[in-house]
Every structure is written in C-alpha cells, then in structure tokens.
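Q: Just passing along the structure, written as structure tokens.
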C-alpha cells in the first residue's frame, strides 16, 4: 500500500483535543493528504504487523515489570503492617499508620507534570529505570526503620521517586502505538497492579517468616523486594529504547515505518513528523491545562482510583477482620487480585476491539458497586470475601481506560505529557481519602470505608454519562466521536 512520508506543511495551533469515543479506524495504515512532490514508500500490512509485534515484545514486558514492582513497593506496607510493622513502631492505634500511607502521595502528586516533561528530554530508556532504581533503594531502606518519623521520611521519598512513573509510561507508549492499539498495551502493563497484590501477598507471607537476630520478619519484605527492584531497574537501562527511532531491535526500514505510521495517526495535530524533533513550548502546556475535557477525565480518574488505593492498601486488613489468621489473610489476597488481573486484560482488549471507552467504564464501575454492596449488606465472611472479587474486577479495569482515553485524544507529545500529568496528579488526591477510609476504630466491619468507596464510583458514573452526552454533540476532525 503506497503512503507518503510527508503530510501538508500546515501546523494546527490547536490540536484535536476533545474527549470523544474513538470512531472506527481500520487497523491498517490510512493515506494522508499528499502533494506530488512527496516521496512515496511502500508499507504493507505484513511489515506494519511485524513492527507492532516487535514493539510488543521489546517494550511492553519491561513496562509490566516496572509497574509490577512499583505497586509491590508502594503497597507492601499493608502486608508488613499485619506482620508486625505497626506493633514494632507503636502505631497500632490511632491514625499514625494512615498518615504514613498518605505522606507518600504529597510528592507523588507534585511531580507528575514536570516529570512527564523530562521523559523525552532525558530519554525514557534512562529516565524510567533511574526512577525505579531510586525508589527500590528507598524501599529497601524501610526495612531498617525503627520509628514512625523514620517511616514518614522514607514514604515521602518513595512517593517522590515513584510519582513520575505512571504518566511517563502512558506517554511513552503513546510514542509507539496508534490510538486503536494503545488501550490494550496500557492494559498489558497495568494488569501488573492487581497481579502485584496476588504475587506480593504470597511473597510477603514467605518473607515475613524469615527470622534473624534483631528483626521481626517484616523488614525482610522490604529488604528482598527493594533489592529485586534495584536489580531490575539496572537491567532495564540496557534494553528499554527512548523512542521508535532509537529502537535497536527494529531494522532501519522498520524504524522508518514506526515513525511514519505515528505521523499518519496524528492526522496533522503534531508539528513534526518525528517525535525526537519536537520541542517543549508553554503553548502546548496551556492547551492541555485550559481544556475542560482534561479536567473532566481527571475527575473521572479520581472517582475510579479511590477504591483501588483503599483496596490495595487495606485488603489484608479487611480479610483479617473477617476472622482469618495473619498468614491466611495474606494468602487470600491472591484470588481477588487474580480476578482483577484477568479483568484488566479482557476489558482493555475489548475496548480497543470495539473502539469504545465510555460503555466499558460504566460496566466496570457498576461491577465494583455490586462488590461494595456485598461487603456492606452482610456480616457473613464468605459473602464479604466474594464481594472483594467484584470490587477488584470492576475497579482495576477502569484506570487503563480513562488514562488511555485522554492519551488517545491529546497531541502532540507535550500536550499529552501535560494533560496526562495533570490527570494523574488530580486523580491521586484520592489517596488522601483512600488512606483514611479504613481506620482501626471501624473494625471489624469497616462500614464507613465501604460506604465511601460505594459512593465514589457513582460520581464516576455521572461523569461518564455527562461526557457521553457531550460526545454526541459534535465530531472531531481527527475522526474521534
């Protein structure tokens, strides 16, 4: 199929930037407007698919590992709590443990936007692994903490280093994948979050049984998991490419294809053909910040991520309150998280297949609501435990959709970087609610926490319904509806 290497010289001062459902776009490359002087190249479906498969094999697995270990290192404090951390630090009662959880998100929120600006400037292949090595070392050091104040300091710097990761990975993937391919790839790395809950619980159970003079078991959760993170980060530096043009696993022709198919997908919204040549401008930042759609999907993300943070941090505590032993509580965190793992992969794949976003948000939020109703309505442990499956499957599938939705409809790179950073920063304000939804005084039913997490998804339903109604009003030039 013949396509051209250059689009018209026109640069859109305002990129196509409304938040819409994606209009059906054929998976194969489409032709752009061209002039007779433009050079023509041949890109077949075969080479297009080959490039995609190579990127899948050489980029997505590393992001999966980054996110898996990031989520383990931020949430393993929940496992350590029931393994003796709270008792050793004297924070069993009151809200000191909750404050230690919340302090993580203060720097996490502040660094989202500026960190996204650095991804391309420093080079994603260096920047993301360096973040990982840094937070892995900090996580390892938590094992030596002996006071509540020391825990606060460590959690603060852990949040500082992890803050730029999620947004960085979203805009990084958007350099390689077209809009109708992006959601599934976000799902393929984001499914590591619930998997970390399953794997992390099993690993924490084993590590907490290690006995050594002067240590009560729980420090080894941080020692081992932090060391694994540092080692993985060092290895990643040597394999993760910066951009398509820096991808050594692609031939010269394949790199050319990877760059130009992205240009066609931008449909004139990007001022340059190759993202390597794009320069930072405050103009792009203003386009992201002063568009109400960015704020709409940011509030939507806030609504769907609040239950996830509560769930991830307090699931071991909730299960313990149902009457299970410490060891069994850690082990029983695995099945609900596996349900979430499968849900993320299924929902994001279906979303890309049907090129629909909002309807899947509505379905998944409704499933999470059913789960919280089960937790509130009965005191029977088996029914409550069953409710955690619905909460996990419904809640975890929503963030990839809402993040990908915004990334789909923002271009060029620095507009996307700014919008994504703002979205994640606003959404993570939810952490200050989430870390105080389950407090010791509410044990064993934790009805207040469940009620809060039941109500917040209704906000998300309202936002999605509003956006869907607005989406039907007009059609974007970029072919999004």
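Just so you know, glycine gets a Cβ as well, placed from its N, Cα and C.
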Q: Looking at 32-55, 152-175, which one is transmembrane segment according to TrEMBL?
A: 152-175
Q: Using Cβ atoms and a strict cutoff of less than 8 Å, what residues sit near the transmembrane segment (419-441) while being 6 or more residues removed from its termini?
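A: For the transmembrane segment (419-441), the sequence-distant neighbours (Cβ-Cβ under 8 Å, at least 6 residues beyond its ends) are 92-95, 98-99, 101-102, 104-105, 108-110, 112-117, 166-167, 170-171, 288-289, 291, 294-295, 297-299, 301-303, 305-310, 313-314, 317-318, 402-403, 406-407, 410, 448-449, 452-453, 456.
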Q: Go through the chain and flag residues at least 6 beyond the ends of the transmembrane segment (331-351) whose CB is under 8 A from any CB in it; none is fine as an answer.
A: 183-184, 186-188, 190-191, 193-202, 205, 315-316, 319, 324, 357, 360, 363-364, 385, 388-389, 391-397, 400-401, 404
Q: If we skip the immediate neighbours and take only residues 6+ beyond the ends of the transmembrane segment (59-77), which ones have a Cβ under 8 Å from one of its Cβ atoms?
A: 85, 100-101, 104, 128-129, 132, 135-136, 139, 142, 155, 158-159, 162, 165-166, 169, 172-173, 176, 185, 188-193, 195-197, 199-200, 203-204, 221-222, 225-226, 228-229, 232-233, 236, 239-241, 312-313
Q: Counting only pairs at least 6 apart in sequence, do the transmembrane segment (187-208) and the transmembrane segment (97-119) share 3+ Cβ pairs under 8 Å?
A: no
Q: Do any residues, 6 or more residues outside the transmembrane segment (126-146), come within under 8 Å Cβ-to-Cβ of it, and if so which ones?
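A: Distal contacts: 66, 69-70, 73, 76-77, 88-89, 118-119, 154-155, 157-158, 161-162, 164-165, 168-169, 172, 215, 219-223, 225-230, 232-234, 236-237, 240, 242.
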Q: The transmembrane segment (97-119): which same-chain residues, six or more beyond its ends, come within Cβ distance under 8 Å?
A: 74, 77, 81, 86, 91, 127-128, 148, 151-152, 155-160, 162-164, 167-168, 171-172, 280, 313, 414, 417-418, 420-422, 424-425, 428-429, 431-432, 435-436, 439
Q: Going along the chain, which residues at least six beyond the ends of the transmembrane segment (295-319) come within the CB cut-off of under 8 Å?
A: 19, 71, 75, 77-79, 81-82, 101, 193, 197, 201, 328-330, 332-333, 336-337, 361, 365, 368, 372, 385, 388, 391-392, 395-396, 398-399, 402-403, 405-406, 422-424, 426-431, 433-435, 437-438, 443, 446, 449, 452-453, 456-457, 459-460, 463-464, 466-467
